[in-house]
Structures are given as C-alpha cells and as structure tokens.
Amino acid sequence: QGSRLVELPYSSFDDDDDDDSHSLPEDTAEQDPGVWYPVPPKLSPFSHCVRYLAFLWNLLFLLLGLLVLAVGIWGLLAKGSPPGGERRVPLGSDPMLLFVLVGLGASAVSLAGCLGACRASPCLLRFFLGAVLAFGGLEVLGGLLLLLARRWLRDGLRDLLLLCLLRYQEDPDLQFLVDEVQRSLQCCGLESYRDWESNPYFNCSAPGVQACGVPASCCQDPLENGSVPNAQCGFGVLGLGAAAAGAVVHPGGCEAALGAWL
C-alpha cells in the first residue's frame, strides 16, 4: 500500500484544482448563450400575413360586438322605469338583454383574438380557439335539435306568434319585430288578417280608434302618395268583406311564411 501511494503523483490533486479553477471561467465564458436562452425563430411572410389577417378580422368583430353591446344598453336605458312607476317589461324577458349578452360575448372573444395575434400570446390564442370551437359546436348542436324537434318548434312558433299578437301594444321592441316580419314577409296575423281580432286594441268591440283594424304593417301599400307613411291604412279592415280587405292588406298569415323563411 505504501508503494502504491508513492507511485501516485503528489501534485495531481493540486494540478486538478488549478486546472479546474482556471478552466471553469473559460468554459463558462465560452458557452453559447443561445443554448440557455433560445432565440425565437423568425416568422415567414406567410406567418406575418396570417397574423395580421387574424388581427384585422378580430378587430372587425370587436367593433361589431361593441356596436351590438351599445345598442342593447341604449335599449335598456331607453325603456327604463318611468318616474314613480314600475318597469313595463321584465328585465329577464327583455329582447334588449339578448343584444347585451351577444355583444359582451363577441367583444370578449374578439378582444382575446386581437391581443393574442398582436402579442403572440399562447394563453389568449388558446382561449380564442376554444371559444370559437365552443360556439361552432353549439351552432351544430342547435341545427341538429332544430331538425329533430321540427314539430315541437312549429307548435312553439305558433304559440309565440299568438303571444306577439296579444302583447303587440305592450312592448315597443315586440311591436317593432312584428311590424318588420309582416312588412318583410308580406303577411298579416297568424293564419290570416282576421287573427288580429284577438288583440284587445284591434277588436271590433274596443273603444279606441284602432277598433276593427289591423297594424299598418299589414297594408299592401303603407305609404300615402308614394312617400308619406299612412299609419291609418289598416283602420276598419276587419269590418270589410274578404275581397275588399284583400285589396287593402295582405290576407295570408305569417305562420306559414315565417316557417318557410326559417
């Protein structure tokens, strides 16, 4: 054992320490910083084009979402509670609430897409992609449900149209939607123009000036002299015969026309 210890170089440990002490700074100094901090690869022109296109496309939908949100908030504020009274339409059933929710959803998703494309944020891009896929899946599921529940939806559409006829004078938003449907589809009432007799304001026994009449949106020519809207063109139509009334208003109902359009 003594001879083996003698054979070992006496200065080997010192030499190793000296070598390590001198070599460590050199190795550390010569290390490539790219190994520890990798430089992101440069984007190709196609990637730049996709990035800018995604930013502009989401910016367009962001502006549209903010516009829809502004319309919804304006509608809710315009139909606020009158002084000293209660709100005529419950907030939960107000159509303007749908505009607010759609505007918020579209704005949030589009903002995430804009920031994700601009800042190349994986978190925002994943949220944007997940939201778009979720909305697409809901649309496909809704389409399948529409095909499977056509009869139930037809009955539900009939009940909804009848409710719209009864509440025509109670909600300005509902009145606007009914007028737009009747004017666009050139129809009147549920099955015919006679359905407006179920409305308490247009019934022939009503005391008002609208008694025995129909809304102006039912008229075939709602404009007087070709330019001025005539709000009284449907007055007294329910008291006329079928032939005389057919010359003034659209005799067909909106149930079949709206079902075909849908």
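Yeah, the Cβs are placed from backbone N, Cα and C, and that goes for glycine too.
Unlike curated records, TrEMBL annotations are generated automatically.
If you check TrEMBL, you get these features:
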- 1-33: region 'Disordered' (REGION)
- 52-77: transmembrane segment (TRANSMEM)
- 97-118: transmembrane segment (TRANSMEM)
- 124-148: transmembrane segment (TRANSMEM)
- Cys188-Cys204: disulfide bond (DISULFID)
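Long-range neighbours of the transmembrane segment (124-148) within the same chain, counting only residues 6 or more positions beyond its ends whose Cβ lies under 8 Å from a Cβ of the stretch, are 58, 108-109, 112-113, 115-117. Packing against the transmembrane segment (52-77) from elsewhere in the chain are residues 91, 94-107, 109-111, 113-114, 117-118, 128, 173: each is 6 or more residues past its ends and has a CB under 8 Å from a CB in it. The Cβ of Cys204 (disulfide bond) lies under 8 Å from the Cβ of Glu197, Ala211, Cys212, Leu238, Gly239, each of which sits 6+ residues away along the same chain.
In the structure as shown, the Cβ atom of Cys188 (disulfide bond) sits within 10 Å of 29 other Cβ atoms.
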